[in-house]
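Novice: The following block contains the structure, expressed as structure tokens.
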């Protein structure tokens with residue numbers, strides 16, 4: 001990715017991002033990891049993070065096409081729309097849960113049965129999707145934010161994506177890191193009209209160095225609520241590069257779509 005022709009990449013792979021048509025609008029960027037589609041998803045991990053302990057984030061899941069996700073219900077995974085190939089019956093996805101190390105003998109593997117992509121998703125905003133599982137996974141679920149109350153502060157990101165931009169190798173050990181909220185105004189300074197403020201959140205350090213990357217797409221961005229419990233505020237969506245100085249990662253704003261997600265889940 002060059003500075004003269006900036007290409008936004010979904011955090012699930014090195015494929016062109018949903019907003020690549022606006023290439024060149026930004027000079028530098030720090031990207032999150034997401035693939036444009038399941039067919040092009042690439043494994044990746046959190047940059048600048050450290051290994052997560054077993055059971056530290058028991059709601060985290062890994063998807064076989066190279067994306068992440070979180071247990072919304074014990075039999076439903078919340079992930080990114082750009083990781084999917086559309087809605088409908090789908091038995092091709094293998095969901096791995098219950099472990100921080102994907103090579104662990106204790107890994108729980110369950111197949112998908114259906115996928116529901118956000119209604120009206122066209123690659124710009126609305127980057128969420130649900131995966132119905134063949135059977136429930138007996139692990140804790142991750143509550144999602146239903147208001148914007150928790151959309152500021154410091155967030156936790158986690159994933160099995162690249163630890164270096166362009167690595168394309170991912171990691172078998174879950175990585176974690178913390179990133180601060182970035183205002184819409186500051187984020188638009190970098191992304192311009194490619195950002196959809198009402199539907200997306202930005203997070204990252206001005207100095208770069210810590211970010212999601214290819215292979216982290218679909219994973220949750222979360223923080224503690226007033227009761228000290230984890231709550232999901234974002235979904236790893238897209239960005240320009242990974243952990244570059246001066247450009248934050250972009251995440252789906254979960255609270256905006258909470259009612260739509262609940263409605264879609266009840267119909268799966």
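For all residues, glycine too, the Cβ spot is worked out from N, Cα and C.
Quick paste from Swiss-Prot:
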- 82: active site, charge relay system (ACT_SITE)
- 127: active site, charge relay system (ACT_SITE)
- 217: active site, charge relay system (ACT_SITE)
- 46-266: domain 'Peptidase S1' (DOMAIN)
- 1-41: signal peptide (SIGNAL)
- 211: site 'Required for specificity' (SITE)
Novice: Whole-number answer please: how many Å between the C-alpha atoms of residue 127 (active site, charge relay system) and residue 211 (site 'Required for specificity')?
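Specialist: So the Cα of residue 211 (site 'Required for specificity') lies 18 Å away from that of residue 127 (active site, charge relay system).
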Novice: Reduced to three states, what secondary structure does DSSP give residue 82 (active site, charge relay system)?
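Specialist: In the DSSP reduction, residue 82 (active site, charge relay system) maps to helix.
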Novice: Expressed to the nearest Å, what is the distance separating residue 211 (site 'Required for specificity') and residue 217 (active site, charge relay system) at their Cα atoms?
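Specialist: The Cα atom of residue 211 (site 'Required for specificity') is 12 Å away from the Cα atom of residue 217 (active site, charge relay system).
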Novice: Whole-number answer please: how many Å between the C-alpha atoms of residue 82 (active site, charge relay system) and residue 217 (active site, charge relay system)?
Specialist: 8
Novice: For residue 211 (site 'Required for specificity'), name the DSSP secondary structure in the helix/strand/coil scheme.
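Specialist: Note: residue 211 (site 'Required for specificity') is in a strand by DSSP.
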